[in-house]
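Here TrEMBL flags A:E167, A:R211, A:S360, A:R364 as L-aspartate binding site. Feature annotation from TrEMBL assigns ATP binding site to A:R211, A:A212, A:E213, A:R219, A:H220, A:L221, A:E357, A:G405, A:A406, A:E407, A:R408. For A:E357, A:S360, the entry in TrEMBL reads Mg(2+) 2 binding site. Per TrEMBL, the feature Mg(2+) 3 binding site maps to A:E357. The domain 'Aminoacyl-transfer RNA synthetases class-II family profile' annotation in TrEMBL covers A:134-434. According to TrEMBL, the feature region 'Aspartate' maps to A:189-192. According to TrEMBL, the feature site 'Important for tRNA non-discrimination' maps to A:P82.
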2 protein chains.
Amino acid sequence: MDERTYTAEAEPGDDVTVKGWVHEIRDLGGIAFIIVRDTTGKIQVKFEKDEMDDDLVETGLGVHRESVVAVTGAVEEEERAPTGVEIVPESVEVIAEADPELPLDPSGKVDAELSTRLDNRTLDLRKPEVKAVFEIRAEVLRSVREAFRSVDATEINTPKIVATGTEGGTELFPITYFGREAFMNQSPQLFKQLMVGSGLERVFEIGPIFRAEEHNTPRHLNEATSIDFESAFFDHQDAMDVCEHVVKSAYEGVAENCGAQLEALGLEDEFEAPDGEFPRLTYEEAIERINATGELDEPLVWGDDLSTEAEHVLGQAVGEHYFITDWPSEIKPFYIKDYDDDEEISTGFDMMHPSMELVSGGQREHRYDHLVAGFEQQGLDPEAFEYYTKMFKYGMPPHAGWGLGAERLVMTMLGLDNIREAVIFPRDRQRLSP
Amino acid sequence: MDERTYTAEAEPGDDVTVKGWVHEIRDLGGIAFIIVRDTTGKIQVKFEKDEMDDDLVETGLGVHRESVVAVTGAVEEEERAPTGVEIVPESVEVIAEADPELPLDPSGKVDAELSTRLDNRTLDLRKPEVKAVFEIRAEVLRSVREAFRSVDATEINTPKIVATGTEGGTELFPITYFGREAFMNQSPQLFKQLMVGSGLERVFEIGPIFRAEEHNTPRHLNEATSIDFESAFFDHQDAMDVCEHVVKSAYEGVAENCGAQLEALGLEDEFEAPDGEFPRLTYEEAIERINATGELDEPLVWGDDLSTEAEHVLGQAVGEHYFITDWPSEIKPFYIKDYDDDEEISTGFDMMHPSMELVSGGQREHRYDHLVAGFEQQGLDPEAFEYYTKMFKYGMPPHAGWGLGAERLVMTMLGLDNIREAVIFPRDRQRLSP
């Protein structure tokens, strides 16, 4: 391709060719402007009709909004222009003409429903505040990976097509695999655990997970991105330390590298990376704290799971990221280890944003006999999981880990109303395209 | 968890607790040794039977190989020890006893078939030369992401559950999605293209792809990791520039950061990051060069695709990474743009390692009418792809990109015989577990 100058880099005195989209056309009579937008920003192009070639004026002003153009000309200072400079064009090439009827207005002047936006993501992502969300998402993933690297975790990729799910056959999407029944994996749980018994010892994975859950809420997806961590010789406290480090690193990366994006979202003043340690409340302290508010109709008793409402009340009371530890064993999955000195209490933990759960983790059951018994108590056939359980016979160390929903992390970080705003092409019960 | 010293960090004079696997037990009569292995290396533990507590000796020497132990004691210099130091133990705790019968010998003294290794990856990955492959793989992905960042590409995640495949219904795994037919995506092609028309302009993705291909060869997988790139306002030459940069960065990252891993693989002397530009041969030059060797039974004529044998002959002749450009349009997919001045010739390109194809790319067809006509000529229903084609009506810039198989990159980089050696848990026609 020919040389191109980004709009943000056009300096007075330069002869440039900028390429981008026609954001706006303003015709004031003798003088007219188009605003050209590219990934770095916008620039004004001035047409003085009487002084310019008719063809040039006709091409430049005859184009429909959102068409792709290349504008060649001299950059001049112009304090009335939105960016302080403008291009006086020598030529305008229409590279891709846009239809005059747009399904969505990328200038943002007309509000659109979320479903219209998702149907037209290409246009939707021309808005700076939407683009900013996904640039921040990319920075979150980058920072998270660097945080894992700083604790010597090795990145792994585990299969998404599996013969059995983590917790059995519920909530799995079935697939036909060369005539055999298989499933899309709902969690890398079992695979990452197998790696802590290998020479890698400490691993992470960022990849898609698939959950055939029926509920359709602003905070659930049927295909999501899971940030998973697991380490040999870790207990749940160690796992929480790494969890806190990773989440803080994500915030710090965004604070450091996404100033322009935060501004596009109007968050430049309020965005703050959490400092200080995340409080670690036991489940018992959590229900006491919830009951003390008097906001629930019925006080919670030991053994109750926390409803969305209870989580909300607690989040309001705590007001920052926090952990809930020491859950009743009954509520946590069988592969989470109970305390050795109290089998009623699980080492499972959740990490919460004030508005919702972000992370679920714990120390894992690494004792072969206990693990097989756990499968049986769940009504699962240990035979079907033999590929997993048998490795526990050959030297499986104590280990702990957790899973963090990338979309929930981005959603809570930016205060998005709907988790679908944190995914370019979300998948839910209704939405399978684009 | 209690404090732990890695074996590689144990210095003479230290009092340490090391945790790891019993790699070897050597009983010489009055004196005996166990070798404890962790993720950083190995250390010798010495038992002088007459001078030590009987219980300690019994525990330390009675343990089966590959059990997980914690050894506490003083580190002493001992030049006869493999690492120049040894631990004189005060206590040995058996954390997880291993069965005496191992399905695979992690010491590597007994060779194992690949299928046995894959069935027992936890044990297989205790071997330094297997662990090294996956540590290098992680470094390859890290370096590749940094290379993308250096050219201002934004990381995206696109859906793996789709209503339609990139090239229609062949070679797709069907899934049942809330009672509807859907598929696992075979390529992020269409989604990444939709992003070049957005404000992001330049994107990359590293994620799983799924191909229901029947062939079962040492270089095909049914689930693989694809490294995808796409940029607005790029032609195929620009895309090749980035491709070359990314592949070189992967080699350079490994050369810089994986010295120990290359040594474990015996590659420390021969491993070299490619320097100089990758030659760009046209298809015409490629077939001339192949025919000139006289190694094919039948010379190739213009329009023939390159067989595996032809690729092999050419790779031998070129002897380094290279591109093949200017393919006959007939051979390349319909979404690849043809040259404006010669519709018989495609802007599609392949990037080749001497032993196999790594990358396929090209400039894309961005003109709405041509694109819809292309679908029709392929016998595909443009209606089914409307979510994709319609965005081409609203200002879609010229763009180019490519896809690179992560496993093939690792395989060719390290000279692995089988692509399954570059995946922890590979998926092929037969293998669905673990």
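Note: Cβ is positioned from N, Cα and C throughout, glycine not excepted.
Structural mapping of features recorded in TrEMBL.
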residue	record	DSSP (3 states)
A:P82	site 'Important for tRNA non-discrimination'	coil
A:R211	L-aspartate binding site	coil
A:H220	ATP binding site	coil
A:E357	ATP binding site	strand
A:R364	L-aspartate binding site	strand
A:A406	ATP binding site	helix
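Closest by Cα distance to A:P82 (site 'Important for tRNA non-discrimination'), from the binding-site residues A:H220, A:E357, A:S360, is A:H220. Set side by side, the binding-site residues A:E213, A:E357 differ in how many other CB atoms lie within 10 angstroms of their CB, and the most is found at A:E357.
A:R364 (L-aspartate binding site) sits 26 Å from A:H220 (ATP binding site), counting Cα to Cα. Across the region 'Aspartate' (A:189-192), the model assigns an average pLDDT of 96.
Helix, strand and coil counts under DSSP for the region 'Aspartate' (A:189-192) come to 4 helix, 0 strand, 0 coil. Residues A:R211, A:A212, A:E213, A:R219, A:H220, A:L221, A:E357, A:G405, A:A406, A:E407, A:R408, recorded as binding ATP, reach a greatest CA to CA spacing of 19 Å. Most Cβ neighbours within 10 Å, among the binding-site residues A:R211, A:H220, A:R364, A:R408: A:R364 holds that distinction in the structure as shown. On the backbone, the CA of A:S360 (L-aspartate binding site) and the CA of A:R408 (ATP binding site) stand 12 Å apart. Counting other CB atoms no more than 10 Å from each candidate's CB, the recorded positions A:P82, A:S360, A:A406 peak at A:A406.
When the alpha carbons of A:R408 (ATP binding site) and A:R211 (L-aspartate binding site) are compared, the span between them is 15 angstrom. Taking CA atoms as the reference points, A:E357 (ATP binding site) and A:R211 (L-aspartate binding site) are 17 Å apart. Between the CA atoms of A:R211 (L-aspartate binding site) and A:H220 (ATP binding site) there is a gap of 10 Å.
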